[in-house]
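The phosphate binding site annotation in TrEMBL covers D:ARG87, D:GLY125, D:THR126, D:ARG127. The domain 'Exoribonuclease phosphorolytic' annotation in TrEMBL covers D:11-141, D:158-225.
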6 protein chains.
Amino acid sequence: MSRPNDRLNNEMRQLKMQAGFVKNPEGSVLVQTGNTIVLCSAMVEEKVPPFLKGTGSGWVTAEYSMLPAATEARTPREASRGKITGRTSEIQRLIGRSLRAVVDLTSLGERTIWLDCDVLQADGGTRTASISGSFVALYLALYRIKEKGILAEIPLIDYVAATSVGIVNNVPLLDLEYTEDSQAEVDMNVVMTGRGDFVEIQGTAEGKPFSRQEMDNLLGLAEKGISEIIALQAQTIAKEVGYVPQFTYSHEE
Amino acid sequence: MSRPNDRLNNEMRQLKMQAGFVKNPEGSVLVQTGNTIVLCSAMVEEKVPPFLKGTGSGWVTAEYSMLPAATEARTPREASRGKITGRTSEIQRLIGRSLRAVVDLTSLGERTIWLDCDVLQADGGTRTASISGSFVALYLALYRIKEKGILAEIPLIDYVAATSVGIVNNVPLLDLEYTEDSQAEVDMNVVMTGRGDFVEIQGTAEGKPFSRQEMDNLLGLAEKGISEIIALQAQTIAKEVGYVPQFTYSHEE
Amino acid sequence: MSRPNDRLNNEMRQLKMQAGFVKNPEGSVLVQTGNTIVLCSAMVEEKVPPFLKGTGSGWVTAEYSMLPAATEARTPREASRGKITGRTSEIQRLIGRSLRAVVDLTSLGERTIWLDCDVLQADGGTRTASISGSFVALYLALYRIKEKGILAEIPLIDYVAATSVGIVNNVPLLDLEYTEDSQAEVDMNVVMTGRGDFVEIQGTAEGKPFSRQEMDNLLGLAEKGISEIIALQAQTIAKEVGYVPQFTYSHEE
Amino acid sequence: MSRPNDRLNNEMRQLKMQAGFVKNPEGSVLVQTGNTIVLCSAMVEEKVPPFLKGTGSGWVTAEYSMLPAATEARTPREASRGKITGRTSEIQRLIGRSLRAVVDLTSLGERTIWLDCDVLQADGGTRTASISGSFVALYLALYRIKEKGILAEIPLIDYVAATSVGIVNNVPLLDLEYTEDSQAEVDMNVVMTGRGDFVEIQGTAEGKPFSRQEMDNLLGLAEKGISEIIALQAQTIAKEVGYVPQFTYSHEE
Amino acid sequence: MSRPNDRLNNEMRQLKMQAGFVKNPEGSVLVQTGNTIVLCSAMVEEKVPPFLKGTGSGWVTAEYSMLPAATEARTPREASRGKITGRTSEIQRLIGRSLRAVVDLTSLGERTIWLDCDVLQADGGTRTASISGSFVALYLALYRIKEKGILAEIPLIDYVAATSVGIVNNVPLLDLEYTEDSQAEVDMNVVMTGRGDFVEIQGTAEGKPFSRQEMDNLLGLAEKGISEIIALQAQTIAKEVGYVPQFTYSHEE
Amino acid sequence: MSRPNDRLNNEMRQLKMQAGFVKNPEGSVLVQTGNTIVLCSAMVEEKVPPFLKGTGSGWVTAEYSMLPAATEARTPREASRGKITGRTSEIQRLIGRSLRAVVDLTSLGERTIWLDCDVLQADGGTRTASISGSFVALYLALYRIKEKGILAEIPLIDYVAATSVGIVNNVPLLDLEYTEDSQAEVDMNVVMTGRGDFVEIQGTAEGKPFSRQEMDNLLGLAEKGISEIIALQAQTIAKEVGYVPQFTYSHEE
C-alpha cells in the first residue's frame, strides 16, 4: 500500500519556512509541511508569571489555536465556546515544555517569551510543526533583543524540533498526514535536540498496543526526520541573521 | 500636516486580495490593506440556527478574531480569557449584518455560511477590511456550491464593501491607519453597496462632536474609497470564476 | 398608513423624567417614553480602572440590563446565562461613549461614575432612553459631589441626548416604538449635543440599503426630537438643583 | 434602646403593594416595605423543565437580583461577574420553594411560572419582601390565565408570606431594617401560610447561639407580622380581581 | 410503618469517626453515619480574605463536594460543568457559618482555616455529617498549630454538631436516611452547641406546611441526637489529644 | 545516594488494592501506593456520547480530581475556579485512552463506563495509580453487569496497568515518589498490557534531554514494575469474582 503522492515510508513531506511573515512580533515564521500551515510568533514581555517574580529567571510559554477554517469541517472557535479544549491545553503545554528544554531561563532574565502557534491549515502534524517553527521564531526574537543590547548572549542551549511517526497497517511511517493519522494504530510525537537527545516522547496505541521492537523502528524514523528539520531551521535562521547557530553543549559537563 | 508615506487625504492605502489562500473553506481570500492583513474564509454548513429551522431561509454569520501577535503589544487570546470582549462581539455583529444585507436568504435555502475573519496583522481598518474581504470569500463559496448543483443561482443582490473615514486635526481623511485612528477626533465606518447605497454608517466622536457638514465630507470620501474596493473585489472574483459579477437590482422594483 | 395612537411621523412619544426615584445613588432618574421605562442611576466610586491609575483622569462607564419581565416573552437573565450577550455589550459601550463625549474627564479627577440603566419595560428605544436619562442622572450625581466640595465645578461640556429614527414602509419616522422598529427597513440611533453636533450616528439597513437623501431626512427628524428631549432634561435638572444648566463650549476655541 | 423612627419592637415598617406596575408580565407588583423596594413579576411559560416533561405537573421557579444602585455602595452586576453569587442562589431557591408550597402543581398543568424579584432599593428584608410580593404577582398571573380559559381554577392552596425577625442587643424585634440586621445576634426568616402553619424557618446565630425560649419569642413576632402582610396581600389582590381570595384547605383531610 | 433496619423513631444511625484518615491536612476525620461517608479536613492558611486584611481577625470557610460515584446515579462533577450548583453553594455557606459560630476569630489571628468536606458515599444527612465532622477536624488542626506554638490557646468556644430531623407519613423521625428524606413532608436541619443552644435551624415543608407543635417535636428529637454526636466528637478528639475538650462559656457573661 | 525508606532503584513502593470501598458504583477500588491514595470507581450509564449514537459501539471515559487536602499545601478546588486545569484535562484524557486500549467497545454495546479517579492523598504517581486502579474497577463493573445478564461476555482484551519511572541524579529509578519526582531530570509514564506491549509512553526531559540508552533502561524498570502491579490486579479481582481473569489475545491473529 503506497502513501499519498508516492511518498516513501521514511520520507518527510515538503517542508518550508518563511521568516518574518508578520512584522509586529520580535520573531515569526510561517511553517508549511505538506498542506499543514502554521504561523509561529515569538513576542517578548518584560515580566514573568507570579511564581517566578524575584527569582531572576525568565519564562517561555506557548499558546496554540486552530483557525475555524483550517479543517475540512469548520472547527468551532474556542473563544466562542468560552473555554479551550483538553486537546488544545495538552498541545500548548507540550510546545511550552519542549522549547523550555533548550532555553537557559536564568540567562533569559525576568522576561517572558510568548510563543503563539496559529494553525491556518491542518493536515496532520500541527503540534510538531508548531514546535519546529517556534524554535525559529524564538531564536529570531532572542536575536533581536540581543541586538538591542537587552541580552548579552542568546540563551539557547541547542536546536529543538519535532515530528510525528506512526504505524499504519503494520507499517512504520515518518511524518503522518491527516489521512494516515486518522487510521494509525500507533501515533508517536517525538521531540529531539540538535545533539540527538530526546526532549519528549509521546507514543499512543490508538488501535492496538505496540511492541518494543516497533517502538525502536519508530524512533529511528523520527531521528531521520528531525535531523532534516533542524537543517532547515539552521538555514532559515542563517538567512535572517547571517550565520548558522552553533551550540557547544558546555552546560552538560 | 502630511500623512504617513505622503498619502493624499482622499487616497486609500495599497489594497491587495489573494483568493484561495487556504484550501479547506469553500471560499477564502487574504486581504491586505497597507499593513493590515486579514484572512477571510467562508464555509457552508448544511443547517441553520434554531430560530430559522423550518422557515426555508438560510443564514450568514461572522466571527472575528485577532491573532495575539497581530498587534505591537501582544493581545491576550480571547479563548484563554474565557470570553470574547465587547469590541469583538460588536465587530462580528457588524460584519454579519453587513453581508446579510446583500444576501437573498430565502434563495440561499436552509444552510448557514460562516464567515471567519482572522486578523494576522493589525494597522487600523481591520473591521472594514473584514467586510470587504468577506464579500469575496462569500461570493466564491456560493459560486462553488452553485457549481456543485446545490444552488440554482448565486443568491447575492449586490456588492458590499466598507472603509473607515475620520477627522484628524480637523482634516477629513480616507482609510485611517492605526497612528491616525488613535488620534482621530471622529471615526466613521461606512458600509456601502455597489449601487451606492448605505448599508451601515457608524460615526463616533472620539474627541469632539462633529457637525452635519463634517459628516457630509466624510461620506464623500467613503464613497470614493468604496468604489475602488468594489473594483478590486470584482477583479479578484473574475480571476477565479472567469466573469465579473453583475447585479440587476430587480428586487427593488 | 397611520402610526399607533395617531402619532405624526415627526412626533415623539410622551416623555417623562422623574428624578430621585431611588435614594442610594448620587443621581437617579426614571425615564418613561411611551411604554418604555428605564431606571438610570449614577454612582460615584473613588477609584479608576487600571489603565487610568496615576493619570489624574476620571472615567465614566455604563452598564445596561433588561429585567426579564420587561419584554412580552420573558428575556432570560444574563446572570443566569453566565455572560452578557453581544447586544448588551454593544449597548453599554454606546452609552458609555456617548456620555464621555460631554464629560471633561480631567476635571472629574481620578474617580469613576457608574451609569446603570435598567430597563423595567421595553417598547423600543431603550438604548436611546438610557442615554438621555443617564445625562440627567450624571448631572445630578456631579452636582451632589460638587455640593459636598469634592469637585470645584461640574465637569460637563454640554447636554447629550439620543433618539431613534427609521424608515418603515418607505416613510421616515421619529422615535420608533417596538411594533415599528420590528418592521423597519432602516433603523438609526442618533446621539447629539445641546449645541446640535453629532456624538454618534449608527444607521443600519435592516431590509434594504438607504440613499443619502433618506439619511438626510432621518437626521432632520432626529434633530427635532433631540431638541425636545434636551428641553425636558433641562427642566428635570432645574427642578432638582434650582437652575437650568448652561454650557459655554469654551473648550472648542 | 429605641428603633429608628421610634418603631415598636413588634411593629412592621410601613408596607405598600402596587399591582400592575409593569404591563408585560401576567402578574406584577411593586412591594415597598420601609425603604426596601422590590419589583415582583410572574410570567407564564407554556413548558416545563426536562425533569417534569410528560408528568402532567407544572413548575414554579424564582429568580432574584439586586440592581447595582440598590445599595449604598454599588453592588457589582452578577451578569458582569459571569456568575451568580451563593447568596443569590440561596435566595432564589428559598423564594421558589416557599411559593411552590402553596401551589397545586398538578392542577397547574405542564407550564412554568417564572417569578422575577428585582430589588430596586435595599434596606433589609429583601428576600422576605420578595416572597410576600411574589404571592400577589403569582395570584394575579394565575387569575389572568384562568380568565383566558387556560385554567379551570386557580391552583393555589393558601396564602404565603414572609418576614424577618431577629435579636438585637438581646431584644427580639420584628421586621429588621438594614442597620438592625447588620448588628443582629440572631437573624430568622419565617415563611407562613394564611392558615398559620410554617413553610420555612431559617434561623441563624450571627453572633451567639440562641435558646429555645428566644426562638419561641421570635416565632411569636413573626406570626404577628405575617398576618398583617397577608391582610395587605388580600386587599391588593381584591382591588385587581374584585374579590378576596378564600382557601378551604380541603387538601389536608 | 417501621424504619429501615428497625430503627426507632428517635434513634440515630450508627455513627463512626476515624481521625487522621489522611495525613497532609492539619486535621482530618472520616465520618460515617449509616451509609453516608464524608471525609472532613481542616487546613491552615497563613492569610485571610481581602475584607479581613489588617483587622487582626481570622476566618473559617468551608467547601463541600460530592464525588460523582457517591450517589446511585452518577452525579456530574461540578468542575466539569464549570460552576457549582446552588445546592452546593448553600451547603458550604451553612457549614462555614455553623463552625464560625463556635470560633473566636480574633484569637485565631489573621489566618484562614479551610474546611473541606468531600462526600465519598451519600445516603442522606451529608451536610449535617459534614458539620459534625468538621468540628473534629477543626479542633485537631487548631490543636496542632497550638502545639507548634503558633497559637497560645485553642480559640474555640464550644462544641458544635448537627443532625437532620423530619416528618415522614406524619411521624417525626430523627436522622433521616435517603429513602426517608426523599419522601419527607418536612425536613429540618438543626445545628446546636454543646451547651444546648441553637446555631442554625433550617426547616422546610417539602409536602405540607407544619404546625408549631410539630416543630417542637422535631426540635426535641434533634436535641437528643446532637447530644449523642457531641459525645462521640469528644471521645474522638480525646483519643488524639489525650483529654476531653471542656468549654467554660465565659464569653457570655 | 539512597532512596527514602532505603528502597532499591528497581523496587516499587508498597501497593495495596481494596475492592468495594464504596457501594454505589458497579465497581470500585481504593488504591494505595506508598502514601498516594486514589479512589477509583466505575459506573455504567446506559447511553453514549452524541458521536457514537446509533453506531452500536460503547464508550469508556475518565475523570480525575485531586481533593484539596490531598497535597501538603491546599490545592484550590477546580469547581470553585470554574474550570479544570490543563494538567487535569491531560490526565483524564490519558486515563481514558489507556483503558479504552483494552476494551472491545463494540462488544460493550451502546453504553458508557465512567471511570472516576479521586486522589485522597498525593505523593507522586497519582495518574499511574489511577490507571492501574481503574482497570480493577472497570473489570468489576463489567463483571457485575455481565452477572445481571446485560452483557454476554466481559469485553476486555487484556490487563492494563501503569507506573512512572525517571532519572534522578543520573540514576534511573522505578515508581517515583513526590520528593524524587520533583527533582527528576527525566520523568516517564508507561502504560502496558498484560501481554507486555505498550499502550502509552510519555517521557519528558524536565532537566536535560535523555539518550536512547537511558530510555531503554527506563523501559526495563517499567516492565518490571508493571508486571508486579498486574499480579496484584489479578489477585484483587480474583478475591471478588472467584477466578483470575485470563485473556487469549485472539483479536490479534
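Cβ atoms are placed via backbone N, Cα and C, with glycine included.
Curation plays no part in TrEMBL annotations; they are all automatic predictions.
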Other than D:ARG87, D:GLY125, D:THR126, D:ARG127, which residues of the same chain sit close to phosphate? List them in sequence order, counting a residue when its Cβ is within 8 Å of the Cβ centroid of the site.
D:TYR64, D:ILE91, D:VAL119, D:ALA122, D:GLY124, D:THR128, D:ALA129, D:SER130
In sequence order, which residues at least six apart in the same chain have a CB under 8 Å from the CB of D:THR126 (phosphate binding site)?
D:THR36, D:VAL38, D:TYR64, D:MET66, D:ILE91, D:CYS117, D:VAL119
For D:ARG127 (phosphate binding site), which residues of its chain lie six or more apart in sequence with Cβ-Cβ distance below 8 Å?
D:TYR64, D:ILE91, D:LEU94, D:ILE95, D:ALA162, D:ASN189
Ranking the binding-site residues D:ARG87, D:GLY125 by other Cβ atoms within 10 Å, which is at the bottom?
D:ARG87
Run through the domain 'Exoribonuclease phosphorolytic' (D:158-225) and tell me, per DSSP, how many residues are helix, strand and coil.
18 helix, 30 strand, 20 coil
Any idea what DSSP makes of D:THR126 (phosphate binding site), helix, strand or coil?
helix
Express in Å, rounded to the nearest integer, the largest CA to CA distance found among the phosphate-binding residues D:ARG87, D:GLY125, D:THR126, D:ARG127 named in the record.
14
